[in-house]
Amino acid sequence: MTVWKPTVLTRVLLGLAIFVSAFPLYWMLVIASRTNADAVASPPKFLPGGNLGDNIVRVLTHPEAQFLLGLTNSFIVASIVTVSVILISTLAGFAFANLNFKGRNALLLLVLLTMAVPLQQMGVVPLYRLMVSLEWTNTLKAVILPYLLNGFGVFLMTQYTRQSVPMELVEAARVDGAATLRIWWNVVLPAVRPGMAVLGINTFMLMWNDYMWPLIVLNQENPTVQIAINGLNARFSTEYSLIFAGTALSIIPLVLVFVLFGRQIVGGLMEGAVKA
Amino acid sequence: MSLDTLPRASRNTHRRERPPGRRWRSRLDVKAMPYALVSPYFLLFAAFGLFPLAFTLYYSLYDYDLTGTTEWAGLGNYTALLGDDDFWRATVNTVAMFLIATVPQMFLALFLANALNKHMRFRLPIRMSVLLPLVTSVVAVAVVFTQLFARDWGLVNYLLGLFGVDNTNWRAERVPSWIAIATMVDWRWTGYNAIIFLAGMQTIPRDLYEAASIDGASRRRQFWQITLPMLRPTMIFVVLNSTIGGLTLFSEPMTFYNGNPDGGSQGQFQTVAMFVYKEAFREFDYGYASAAAWLLFLLILIGAAINFLFVRRIGGTR
């Protein structure tokens, strides 16, 4: 049996990789906890200062940024989209993986093709004009609607369901007289929960990070959190300690998700998505 | 990506006798329900995917001006774009940043995945920590790196200065700005791609390696002759993903210039996505922007095709 032990070199390089991954986040905290004079000092100050609380209060009370509203809005948007994507993807994934119907393979291929279209960049003009004509600009509806579906989600859940729900189980349930929706609820959903977790985390992160589309359809009065960070960026003087405190606040929900579900992210990315 | 599960032999089950009404309902359930289950996706795709795509094509054939007047332009927008230096500069920027970011990233991610695939203590926390950049929001990454790459007091210049390198104005010059932005992209995505590569590596049967060891193949040789060829499907996924992401790059270069779509004073790091944004929402030339969006799509298709052919050749000597 081959022994897969890391060499010293591997260990050193792994350590370096972890350091590089973590350093910018540490740096964010350093600057967020200092004054702006420190942020632009040379030589740079590498240790955190004592201004974190002060900076955070200034971020939250910033008159133009609407930071609290941005956090709330992002939370609403990301939650609704996540639930919708999970629902649509588990339903379609179940059908593609476990049910027989005419045109199944063609439809699944279509889903794969739609994954390659960068809708966000491609369809931005008509989507914007649609929102204008519906008078939905500056509302959360406009941000949410184009994201309710996700081809990657359907693909992921199809793969996942195929792996974790044996055909026999579905047929046994059918023999017992369960209707399709009931099988989905009672048999499939419990079995694909890890896949749902990965998809959910992924979608939540994607929505939390979305920048271009909210920038187009929202204004500074009703921002998502990324747009609110923009608002901290004063036109003439860039106050880094303030912006960094804002960015540090903006990643708290993601860090929480990561700490709570990190095991699933690593495990799930490793299990389902990309088996060929 | 497997499309290979054709109908698995459906068993002829002997059903219990049921009242006719229920039997009819259950036949309807079996026949129609699958379509009902997949239809939400396709309905939404029609509304928010097909509709915008078709209308982008339609808009691209018209000239719009600030007053909202429209005029049929035929392929005028496309020919104008092909003669527009700004558009070409944006295209070159996009492709260059994509290459500078992606090529080293693939090697790094492969290497990292190989290292993470070893037996060691604290395996899970180590694997999780390379995903750390992913939880950081894009704008946060861009803000932090913009500060790190600042000219007079940025940490990067400070560190380079310790080695006697003069301060670089990362934002003002073309190639340095590409490097700075590529660094942001790589920092964020290398660990993620490494984890996906790692997933692919774990599906490779161990006995292949054992057989190779018995035949006297070195570890390095095993990596090139076994790991890489077996990783090809995963690689196609990762490369396609990075291609789409890289060619539609927007948030990082936008934030690198305080949310301005010009991409620097000379447009030195304006990407095609930023060009589309600028034409549509600052110049209000919807037709021109839409044509540019279709050319961007074309660029992605070309990039995807090249990558696909390239990846297929990896280890293709089997």
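Just so you know, the numbers here start at 1 and follow the chain as drawn.
A Cβ is built for glycine as well, from the same backbone N, Cα and C atoms used for every other residue.
TrEMBL annotations: computationally assigned, not manually curated.
Record features (TrEMBL):
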TRANSMEM  A:12-32  transmembrane segment
DOMAIN    A:71-261  domain 'ABC transmembrane type-1'
TRANSMEM  A:75-99  transmembrane segment
TRANSMEM  A:106-124  transmembrane segment
TRANSMEM  A:144-162  transmembrane segment
TRANSMEM  A:183-208  transmembrane segment
TRANSMEM  A:240-261  transmembrane segment
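Distant neighbours of the transmembrane segment (A:106-124): 92, 96, 146, 151-152, 154-155, 158, 212-213, 216; these residues of the same chain sit at least 6 beyond its ends, with a Cβ under 8 Å from one of its Cβ atoms. In this chain, the transmembrane segment (A:75-99) touches the transmembrane segment (A:183-208); three or more CB pairs sit within less than 8 A of each other, excluding pairs fewer than 6 residues apart. Long-range contacts of the transmembrane segment (A:12-32) within the same chain: residues 6, 38-39, 45-49, 52, 55-56, 240-241, 244-245, 247-248, each at least 6 residues beyond the stretch ends and with a Cβ under 8 Å from a Cβ of the stretch.
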